[in-house]
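Asks: Below are the structure tokens for one structure; questions will follow.
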Ligand SMILES: Cc1cc2nc3c(=O)[nH]c(=O)nc-3n(C[C@H](O)[C@H](O)[C@H](O)COP(=O)(O)OP(=O)(O)OC[C@H]3O[C@@H](n4cnc5c(N)ncnc54)[C@H](O)[C@@H]3O)c2cc1C
């Protein structure tokens, strides 16, 4: 075993040449040279300091549910935060970044809290959810987050909600190298049975609208915020008034309009059920998915003058 492996082992469990396909919901991705699964925040900080000092490339992996990992894998160290601890005191919830969003939502419901029921449908970790300002059914992380503890340049600092600069599927963390360690949610007292009912409705809605049976990574593109567009929309008369009034065009609708639903490249296919999902039919490669993404973007731009932006993170 090499020296780096021995050193990495002092911080957590290490896997060598581990296929990222095993760690992403898309089941796509070549080998990561090393994956280090770190249990304790202190060990995580020390590992980050070590890797930064040595100039070794690193990336953070949460639940791998918003990620397309390259077929060639990652020539560096992937860190998975395994701290899943959570405490609930009154209406304040403190969760470690590695906690599953679904499990956290369930815990808040069990504790008689409300306003995070929507989390029951979001795969991945709460760290990943904060970074992407994940959202569903009209809620987003920014509605629940009170503050976030991050590791930045060798220090641990706390950011308030406004300092996180949340926007639609956006946060400051998409533009810096902060690593989210812990998250504080400010919720409200609720009725356990009402929250449970609400959560079940959310799950039912997802089951009715999202494709099932194949690996995916959720929505590929962000919906289009019309007020942010730099160029005028082409064929504007085709866009339903409702979308324009809401300042948001669903990306899935655009995919459908350019007849890309059901389009297949290699073993990847644009879902017939939901145009913003690409499915891995079994053995799809990142290149298959990237080719579909490129075709969709080209056709949507040609027809509507809109440049779709990826919601997924490409590693
Ligand atoms: C079936 C399905 C349904 C989905 N539905 C929704 C939905 O309704 N709403 C929604 O918003 N999303 C949805 N998603 C996408 C995804 O679940 C969310 O974006 C989720 O919050 C990502 O979390 P993750 O831990 O899996 O992140 P990952 O995919 O592991 O990582 C995503 C990015 O975040 C970074 N990251 C992860 N953890 C940290 C950390 N602690 N510190 C710093 N950076 C970090 C990673 O480096 C990467 O760049 C869905 C996905 C699937 C597969």
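Keep in mind that glycine also has a Cβ here, set from the backbone N, Cα and C atoms.
Sharing the feature lines straight out of TrEMBL:
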ACT_SITE  169  active site
ACT_SITE  219  active site, proton donor
ACT_SITE  311  active site
DOMAIN    27-190  domain 'FAD-binding PCMH-type'
Asks: Same chain only, sequence gap of 6 or more: which residues have a CB within under 8 Å of the CB of residue 169 (active site)?
Replies: 132, 133, 134, 135, 222, 311
Asks: Long-range same-chain neighbours of residue 219 (active site, proton donor), Cβ under 8 Å, sequence gap at least 6?
Replies: 251, 252, 276, 277, 311, 312
